[in-house]
Each structure stands twice: as structure tokens, then as C-alpha cells.
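Down below is the structure, laid out as C-alpha cells.
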Amino acid sequence: MEAAWRSRIPIWFPAIPGQTQSAWEEAAFFAAFQGPELSVPALQTRDASPASASSPDGCSGSPQGVNRAPPPPEPKVEAEPQPEPVPEPVKAEAPLPPPPPPPPPPPKKTEAVRELTVGINGFGRIGRLVLRACMEKGVKVVAVNDPFIDPEYMVYMFKYDSTHGRYTGSVEYKNGRLVVDNHEISVYQCKEPKEIPWKAVGSPYVVESTGVYLSLEAASAHITAGAQRVVISAPSPDAPMFVMGVNEIKYNPGSMNIVSNASCTTNCLAPLAKVIHERFGIVEGLMTTIHSYTATQKTVDGPSKKAWRDGRGAHQNIIPASTGAASAVGKVIPELKGKLTGMAFRVPTPDVSVVDLTCRLAQPTPYSAIKDAVKAAAKGPMAGILAYTEDEVVSTDFLGDAHSSIFDAKAGISLNDNFVKLISWYDNEYGYSHRVVDLLCYMFSRDS
């Protein structure tokens with residue numbers, strides 16, 4: 001270090017060996033490090049005072065008398081900020097294992113879903129078409145009873161039909177059963193309803209289609225034999241009467257196990273009368289049905305003790321006949337009781353009939369408004385029951401139509417806004433048979 005600063009002292013300043021650095025030396029040192037502001041001449045002037053004595057060798061006096069410049073301030077070195085200590089991460093405790101799942105609850109005891117099963121007593125026109133309708137709608141038929149038709153003949157009569165054509169599915173008699181589309185149907189030939197083993201086939205809902213057991217007392221034999229419910233496919237003198245689309249909501253499962261599906265003509269007339277009466281009011285009316293002949297009529301003239309004209313040849317004549325269809329409307333629409341009556345003309349056609357309802361309206365109404373009301377009902381609440389057409393149609397156009405009533409808008413007329421004639425068609429076999437099955441399904445849904 002000494003050699004370093006001595007090398008910066010001017011050469012005129014001799015260094016005296018063995019002596020301590022004088023004030024001159026120190027001044028020269030500081031001058032060398034601090035610049036021209038503190039030079040040797042300045043120090044000479046500042047140090048020349050009477051109190052100072054020169055040494056014999058020409059050097060300045062003792063260093064005690066020298067005013068030394070203060071040392072330069074040391075540069076402030078700001079301490080680097082110490083980084084804040086990073087806290088050690090808290091070691092998360094290991095999660096507890098999830099609790100074991102609770103044991104599954106014991107399976108609920110559920111009853112097997114019930115299925116509607118149907119038995120048919122009487123394999124005539126309606127009985128066979130009810131079976132066709134059941135096959136079309138997916139309703140299971142488990143038994144057929146008819147004492148007058150053997151099983152092989154049942155196959156033939158069901159397969160071939162002069163009016164509705166050949167059955168398109170498969171039908172055969174195999175292992176003592178009638179097999180239709182691979183569905184086995186038990187066949188019985190009991191003469192009395194109480195003898196039919198309905199319990200053996202699961203206590204089905206029974207269609208009474210013989211035309212014989214029409215009263216509650218007579219039809220109750222099916223209940224005794226094991227049937228759950230009975231639907232009579234004809235008007236009954238005392239059984240509750242229902243027309244689909246009109247009053248089926250009044251069915252009471254608790255008290256009604258035998259009911260009537262009314263007649264085919266009532267099923268045509270009642271939906272139309274319901275729409276007209278609810279919208280415009282029916283004061284009174286007369287109904288005429290132009291009805292196809294049926295199996296009870298004679299192909300040629302024959303005896304008929306009850307009504308002589310009914311014994312005349314059905315293919316040769318238009319035969320006036322009585323009907324209870326109009327008065328039966330009062331049973332399904334109580335507001336019309338005593339306001340409607342009617343008659344029938346039996347005509348030489350095998351199927352499809354037409355109703356003529358002539359009535360006085362309570363509310364003056366143009367015929368166009370009547371058409372609109374029927375059309376709206378056919379598209380709405382009575383869809384599938386009531387239909388509407390403005391086509392130029394005739395009777396055979398409705399062969400195989402499943403509706404109860406098809407309103408012919410172009411065939412009707414009005415005398416004035418209060419007096420009108422309304423025309424509605426119906427397939428008295430096929431459409432009616434579908435309503436029988438619909439009533440069975442409705443009753444089953446309510447019973448379930």
C-alpha cells in the first residue's frame with residue numbers, strides 16, 4: 001500500500017528513509033487521491049504559521065500542527081433487503097378415507113304388472129270382429145266360447161269374411177287351441193255362462209256378444225264363473241250404458257262390474273248430439289237410421305211373430321223397423337232425455353249405415369257454424385270417435401272405418417237457423433267392435 005501511494009508523490013519531494021511520514025507526505029497522499037482542490041502549495045500556505053518551525057533538513061515541523069482534511073465520507077451502501085422468509089408449506093393432513101357406502105336397501109316387493117285379458121262369449125259377427133279389433137290394438141284374448149261352432153269352423157269363419165275380407169294374419173287350430181298370429185286362445189263350447197271356466201284362463205274381462213244375456217241378472221253368471229268385468233255388446237234394459245267419447249267418465253269401478261256398450265246406432269248418434277247440444281242446444285229432434293240388414297233378418301220371406309215386416313226378404317225390401325237408439329241417447333246424455341226419438345229403415349246393403357238427425361235448435365245458428373263446431377270436435381276432444389268429411393261420399397266409402405260417427409258436411413241441410421237436418425255415417429260392425437275394445441281398455445285403466 002505504501003509503495004502505491006508513494007509512487008504518486010511528485011519527484012521533488014524526497015522520501016527520508018527511516019522517518020515517519022510527515023504532513024507533507026500525508027498531504028501529497030490525499031492530493032493524489034482527492035484531486036486538484038487539495039494541492040501541496042495550498043497546504044504550504046495553510047501550514048505556514050509562526051508556531052511552526054522548519055526542521056534542519058528543510059522539512060516541515062511535526063504532524064501535530066498540521067490541519068488535516070477530513071476523510072471522505074464512506075459511500076453509503078444500502079443493505080440489500082433481506083427476502084422475507086417463505087413460510088414452510090403446511091403439510092396437509094392426508095384425507096380420511098370415505099366412509100363405506102350404506103348397504104343397498106332391500107328390494108321393494110312389487111306386484112307383477114297386470115295385463116288386460118279378454119274372453120269372448122259368442123263368436124258371431126260382433127264376436128269375430130271384436131277379436132280382429134283386439135289383434136289390431138294389441139289386446140290379449142285368452143278364450144272364446146261358442147256352443148254352436150266347433151274349433152275348426154271357428155278358424156274358417158274368422159279367416160274368411162265376405163264383408164271385411166280375408167284376415168291377413170295367421171290363424172289355425174292346434175293342440176286344442178285357436179292360434180291367431182302365434183297367440184294361443186282357449187276354446188270352449190259351454191251352453192251357459194256359468195259353466196265357462198273363466199277362472200282357468202285368469203279371470204278376464206268378458207265380451208257378452210251372443211245377444212241373449214242382456215240383463216244384469218243374466219250377465220252376472222259370467223261373474224259367478226270367474227270373469228272380472230262384463231261388457232254387453234248391445235243395449236241392456238238395466239245395465240249402465242256407456243258411449244265412448246260421451247259419458248265413459250261416469251264409469252264407477254267400485255259398483256259397476258257389468259256394463260253395456262249401447263248399440264251401434266247410439267254410438268253414432270250420441271257423439272254428434274253431444275256436440276250440437278253443448279254448443280247450440282237441442283230443443284227436440286227426430287232420428288232416422290238407414291241401416292244395413294243384419295243376421296237376424298230373413299234372406300227370403302219367413303215367419304216373424306214379433307214384427308211381421310221383419311220377416312220379409314232382407315235383400316228385396318226396404319223395411320221400416322223400430323229402434324231404441326234415439327231414446328237411449330237420453331241415458332248417456334241426461335239433458336236430452338225425452339227430447340229425441342226415432343226409427344229405422346232396414347235396407348239391402350250388408351254393412352255401413354247412416355243417421356239422419358233432424359232437430360230444432362235453441363240458439364239460432366247458421367249451418368256453417370254447425371260444420372265448424374263438428375270439425376273442431378273431430379280434431380280435438382273426440383278425435384278417433386267423431387270424424388268430418390266434405391267429400392262426395394257414399395256408403396261403401398266407410399267400409400272398415402273405425403270411427404263411431406263420420407259427419408257428412410255436404411249432405412246436411414237447414415230450413416232456417418233453428419231447424420236443421422244432420423247426416424252422419426258409421427260402419428255398424430267394424431266401428432262398433434272397436435268401441436267395445438276401447439271400452440274394455442278404458443275400464444281396465446280405471447280399475448288399475
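Here the Cβ of each residue, glycine as well, is placed from N, Cα and C on the backbone.
What TrEMBL says about a protein is an automatic prediction, not a curated fact.
Here is what TrEMBL records for this protein:
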COMPBIAS  47-63  compositional bias 'Low complexity'
COMPBIAS  95-107  compositional bias 'Pro residues'
DOMAIN    116-264  domain 'Glyceraldehyde 3-phosphate dehydrogenase NAD(P) binding'
REGION    41-111  region 'Disordered'
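Taking the domain 'Glyceraldehyde 3-phosphate dehydrogenase NAD(P) binding' (116-264) as a whole, pLDDT averages 97 in the prediction. Residue counts for the compositional bias 'Pro residues' (95-107) under DSSP (helix as H, G, I; strand as E, B; rest coil) come to 0 helix, 0 strand, 13 coil.
Across the range of the domain 'Glyceraldehyde 3-phosphate dehydrogenase NAD(P) binding' (116-264), the DSSP-based residue counts are 42 helix, 37 strand, 70 coil.
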